[in-house]
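*Asks:* Can you read through this structure? Questions will come right after.
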């Protein structure tokens, strides 16, 4: 999604060197995807092996000076989630951004995710409702393809901040497929104000003088 | 710093922890202790239990959120519409058990009898099992590592009294990890008919499907075919079609042609699908006229045809 496929990870003096995805070198990336010999190779690993790699990603990558480390996780409340919380605990994580789609089936799983956060002592920065409505490009009618409002209701029920709803935008999907900078290319997209506002909220949550 | 080795001999192989490629692996000591090597007696027990189950189908996806559980549920609904067909739906997504909600069985409990755990019956011919039925609150989180999840899956396969079943459908979490390895290993002696892989049209999803296909090849699991979900959206107002998840690299059709795997069908996005699942109703019944229902029914038929070709000779017919 960040147009970094096929790049290789090198080992430096202070550890693995992450891959920079932009010319300004403001965003670096580490993923197991960089360690595969073939892109279609399946990583058929059980928990302990995944845990080991996650620990290495935190402790053995030469991240350098960072303002934000964003960790993308798979769905669930299992090995990966426990491993990354354990690995990051000594560094006082800002918290978790929890993403749901609007419908009850998704909200049903995310409720459990919120319980996980509480149990492991991970603060919830807020909840985001993704894929919240689709604006037809032909007639501009907005259809709630995955229902509506479940995210906001869950945030209220669980007592966590609701950060906003991000609508479905095929241009966003297309951008991710092409590895383009969506925010730069589509500032008029209906998804942009929502994403922007969520980013602003996180920036405003960051304690002063942290970096 | 060492990478976890690619040439891992496998935690249950004789070489576990002892091979050249094991040097430096963080799990080396665990494997060398022989913990993974002993054959699990449960495999034989499960083989016995599965003798009354005619066809076993795994529903897989590379990515989350592509509609796998929705599909599994509707495959079960569709097959069970024939009251002479016994259907069982097993949900092994331990951390995110959505099947009870989608099937309208939230809040149901599992009972134990002399012959094992009883599945929860939606209809006389449609039984369901999920870890969701074992949780007391919808907020309960199942924060389990791999080995504990594997233990649960073993129990589901060995201790549930499924009875005579024509189709056992196993809904999995996304990925290629503990749950997938466990279900394939535990059913190893019992013969799985094959896997149905669910995807959405865009390349980011297909990329993970290719890994899923690679997994199936690795564990010698036959592939029944691929279902492309959320394939086009018809606006309810203007009736024009849009691609919410654009098939930037030709969608599942191109990938299946490339890899010579059957494309079982393409299911368009109908907002009524999500609503039916939220209400715990069968979309096939709620919206019989929807193009999505037509697509589902055709896919279900193709799966039945695949399974009937694979019926080993001499097996007893169950249920019909």
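One-based numbering along the chain as shown.
Glycine is treated like the rest: Cβ placed from N, Cα and C.
According to TrEMBL, the protein has these features:
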BINDING   B:8, B:22, B:25, B:31  [4Fe-4S] cluster 1 binding site
BINDING   B:62, B:63, B:64, B:65, B:66, B:67, B:68, B:69  ATP binding site
BINDING   B:235, B:238  [4Fe-4S] cluster 2 binding site
DOMAIN    B:54-210  domain 'AAA+ ATPase'
*Asks:* Relative to the mean position of the Cβ atoms of B:62, B:63, B:64, B:65, B:66, B:67, B:68, B:69, the recorded ATP site, which additional same-chain residues have Cβ within 8 Å?
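*Replies:* For the ATP site, the extra neighbours are B:61, B:174, B:198, B:199, B:200, B:229.
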*Asks:* Cα-Cα, whole number of Å: residue B:62 (ATP binding site) versus residue B:22 ([4Fe-4S] cluster 1 binding site)?
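*Replies:* Answer for this pair: 28 Å between alpha carbons.
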*Asks:* Are any of the binding-site residues B:64, B:68, B:238 near chain A, where near means a Cβ under 8 Å from a Cβ there, and if so which?
*Replies:* B:64, B:238
*Asks:* Which of the binding-site residues B:64, B:67, B:238 has its Cα nearest to the Cα of residue B:31 ([4Fe-4S] cluster 1 binding site)?
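*Replies:* Answer for the nearest of the binding-site residues: B:64.
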*Asks:* CA-CA, which of the binding-site residues B:25, B:235, B:238 lies nearest residue B:68 (ATP binding site)?
*Replies:* B:235
*Asks:* Check the Cα-Cα distances from residue B:66 (ATP binding site) to the binding-site residues B:22, B:235, B:238 and tell me which is shortest.
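*Replies:* Closest candidate to residue B:66 (ATP binding site), judged by Cα separation, is B:235.
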*Asks:* Once the DSSP letters are reduced so that anything not helix or strand counts as coil, what is residue B:31 ([4Fe-4S] cluster 1 binding site)?
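*Replies:* Going by the DSSP assignment, residue B:31 ([4Fe-4S] cluster 1 binding site) falls within a helical segment, counted as helix.
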*Asks:* Going by C-alpha distance, which of the binding-site residues B:25, B:63, B:65, B:69 is nearest to residue B:238 ([4Fe-4S] cluster 2 binding site)?
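*Replies:* Of all the candidates listed, B:65 is nearest in space.
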*Asks:* How many neighbouring Cβ atoms, not counting its own, are there within 10 Å of the Cβ of residue B:31 ([4Fe-4S] cluster 1 binding site)?
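*Replies:* Excluding its own Cβ, the number within 10 Å is 24.
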*Asks:* Pop the Cα-Cα gap between residue B:63 (ATP binding site) and residue B:25 ([4Fe-4S] cluster 1 binding site) into the table, whole Å please.
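*Replies:* Approximately 27 Å lies between the Cα of residue B:25 ([4Fe-4S] cluster 1 binding site) and that of residue B:63 (ATP binding site).
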